[in-house]
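The feature signal peptide is assigned by Swiss-Prot to 1-20, with sequence analysis given as support. Annotation source Swiss-Prot lists N-linked glycosylation site at Asn23, Asn153, Asn253, Asn350, Asn379, Asn492, Asn667, Asn799, Asn803, citing sequence analysis. The active site, proton donor annotation in Swiss-Prot covers Glu183 and rests on sequence analysis. The active site, nucleophile annotation in Swiss-Prot covers Glu252. The domain 'SUEL-type lectin' annotation in Swiss-Prot covers 742-828 and rests on sequence analysis.
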Amino acid sequence: MKMKQFNLLSLFLILITSFGSANSTIVSHDERAITIDGQRRILLSGSIHYPRSTSDMWPDLISKAKDGGLDTIETYVFWNAHEPSRRQYDFSGNLDLVRFIKTIQSAGLYSVLRIGPYVCAEWNYGGFPVWLHNMPDMKFRTINPGFMNEMQNFTTKIVNMMKEESLFASQGGPIILAQIENEYGNVISSYGAEGKAYIDWCANMANSLDIGVPWIMCQQPHAPQPMIETCNGFYCDQYKPSNPSSPKMWTENWTGWFKNWGGKHPYRTAEDLAFSVARFFQTGGTFQNYYMYHGGTNFGRVAGGPYITTSYDYDAPLDEYGNLNQPKWGHLKQLHTLLKSMEKPLTYGNISTIDLGNSVTATVYSTNEKSSCFIGNVNATADALVNFKGKDYNVPAWSVSVLPDCDKEAYNTARVNTQTSIITEDSCDEPEKLKWTWRPEFTTQKTILKGSGDLIAKGLVDQKDVTNDASDYLWYMTRVHLDKKDPIWSRNMSLRVHSNAHVLHAYVNGKYVGNQIVRDNKFDYRFEKKVNLVHGTNHLALLSVSVGLQNYGPFFESGPTGINGPVKLVGYKGDETIEKDLSKHQWDYKIGLNGFNHKLFSMKSAGHHHRKWSTEKLPADRMLSWYKANFKAPLGKDPVIVDLNGLGKGEVWINGQSIGRYWPSFNSSDEGCTEECDYRGEYGSDKCAFMCGKPTQRWYHVPRSFLNDKGHNTITLFEEMGGDPSMVKFKTVVTGRVCAKAHEHNKVELSCNNRPISAVKFASFGNPSGQCGSFAAGSCEGAKDAVKVVAKECVGKLNCTMNVSSHKFGSNLDCGDSPKRLFVEVEC
């Protein structure tokens, strides 16, 4: 009987193994490309970070990425989110990594899993848990036994989770590549010989995990074998792998840029982004990933920096809420379709490059069956008229023309035929003003007068070491006794604090002295305010506030946070200055604020504390206050936002779930923006910035899954700086207007994102000019009324498609042979 059971079990295991092998995918590489089941592939990937959206959003985001022409989704794995306390793991909700990978698989796409576990990503502390920093003798990202043990433990856990669910391609899953470490080549020189030894250890450790697919290391020249090195940046056309047997791969094509509090809004044109992609494939690239394809939202306190905003929109092809960012999404989709059609020549063809002069080159990829060509003009100012294979081509400055058959131009990166969608905020049907209740941050007086804390230490301690990043807030409290005989005593005294707190609030004897906010990245500063002291005991309470922990740079984990001192009382007696250093005094430390500790934002806890919420005398501009209001969820399925204009700084919760930090009172500089953006020339994060002199972030994403469709919802605010909640409003995000520019002999497609096209505001066929919202007819017009033509085709429809031709819009002899274009603006 036992033998029979053994034989049946053995047969079952053999069948399972055979089934797994039959469905497995062999992923490898050669010098040209990643190979899948022995075939070289063009792979088009996009970054979607699972914790920066909700699990309900994942299918739609992935579907839109697929519709946009991607075949691969890339994500980091966020260590501090999954292991907030040592050996205590969280893979629930939007941290359900397995579910995310399976959602990718269900869509028929591949996945790239960047385990790191250092991620940078403008994520708090670069993805490292702060408890790791607080372990004895700890140093990150170098030969350090404690760090290496913890890194290997987490990496192994993630790998085993993927293996248990058969998610690697070698098991029949979607994961075709995995990444160990991240951009270490940018900092390796700071670590000396130990840096080289560490990266070798990373490679050996990763390779020992036997995942059955290749490992990559981004920004890692001369990566240890068998790791594949890759490129990150705005452009990687000039990149060449150090290892001649490695393919040319681009793991981060930055589609825009992130925002800092106090910073302007970044914008990278569709023309320039498409140019960077086409140039990369023209010069031999075969794998390209958009960072980000969907940026999303830094919910809760996950934003890093310091000073990274709650919005992580990144000007990506899918905006923060999951809408198509047009024309970027559509312009890239057209390019992706062509690149996929050219896959065989690009991966197997012989390559020849022809210099056509004045920074223009033609590249021919040729097989026996097919040839495909690119004509690239990297001149940032001059258009080019070139003759190639006996035909003339007009190639605008800073653009690439794509010729799938080496004869007819099918696409040019500078000629955008895709619509531009103007996203607007639509007011909801709710009453304009919410009915608020409020309460102060209770027992604050106990803290600032008595110095009652959680920890007592002699001297000043770094904020990370005390809080373990459990809170943005840490009280530093001490007492000092003064009498008339004290040498420092005078009528003119001040408090001087050398600080690395991102925001500092100071109290002396229960009185608020003032605050200091870091501006222009000057995180090491001196705070000094005049104070009124008394004979006897004086109480000092300093509230240090962090706004995201540093996430990048060599040894960034040891960068100071909080009040590092010295802290001094300064007495001025005529020309004489006398200082009393309090840095080595006994200090009391209190982690967090009482409202946070009692979870006033929680739906379970908020109504059960002994202090009631008040409905009377709603205060404005009151520091350290809590506000709460009920509201109904906006109707429909459009994304929901909350307008926090009028508030100062703090955190906001919807039904107990944090949607992030807010700071609408922090405006960007009045300088550095441009009214018109020239796509030509190299892009940088400051180029084409807009929204100068405006709040860095005014609107905050409220995921639909956070809301109750029926009944009441609750918004809770903690206001740190003082603001007016009466101006807070909920709105939905909709496509308000759509514009399009299309060259003759192309098609124009218009869509209002599931809303009907209601009217044609402008249409002209000929030589119109201007930008969306300010189009103007030119000197040459088609014979037919373009507005009527477009209205007949489009009004009342969710979308419409038209051929742009003289036959459709009428010819006009006055236009001559000059190229004609159609400009259209419709209302939704």
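Note that Cβ sites are derived from N, Cα and C of the backbone, with glycine treated the same way.
Annotated features taken from Swiss-Prot, shown on the structure.
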residue : record                      : Cβ contacts under 8 Å, 6 or more apart
Asn23   : N-linked glycosylation site : Gly172
Asn153  : N-linked glycosylation site : none
Glu183  : active site, proton donor   : Cys120, Cys218, Gln219, Gln220, Asn232
Glu252  : active site, nucleophile    : Ser47, Cys218, Cys231, Asn232, Gly233, Asn289, Tyr291
Asn253  : N-linked glycosylation site : Gly233, Phe234, Cys236, Leu273, Ser276, Val277, Phe280, Gln288, Asn289, Tyr290, Tyr291
Asn350  : N-linked glycosylation site : Tyr365, Ser366, Thr367
Asn379  : N-linked glycosylation site : Asn358, Ser359, Val360, Ala397, Trp398
Asn492  : N-linked glycosylation site : Lys530, Gly571, Tyr572, Lys573
Asn667  : N-linked glycosylation site : Gly262, Gly693, Lys694, Pro695, Thr696
Asn799  : N-linked glycosylation site : Glu749, Leu750, Ser751, Cys752, Ile757
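Annotation for Asn803 (N-linked glycosylation site): spatial neighbours Lys747, criterion Cβ-Cβ under 8 Å with sequence separation of six or more. Mapped onto DSSP helix, strand and coil, the domain 'SUEL-type lectin' (742-828) counts 16 helix, 30 strand, 41 coil. Taken residue by residue with DSSP, Asn153 (N-linked glycosylation site) is part of a helix.
The average pLDDT for the domain 'SUEL-type lectin' (742-828) in the predicted structure is 91.
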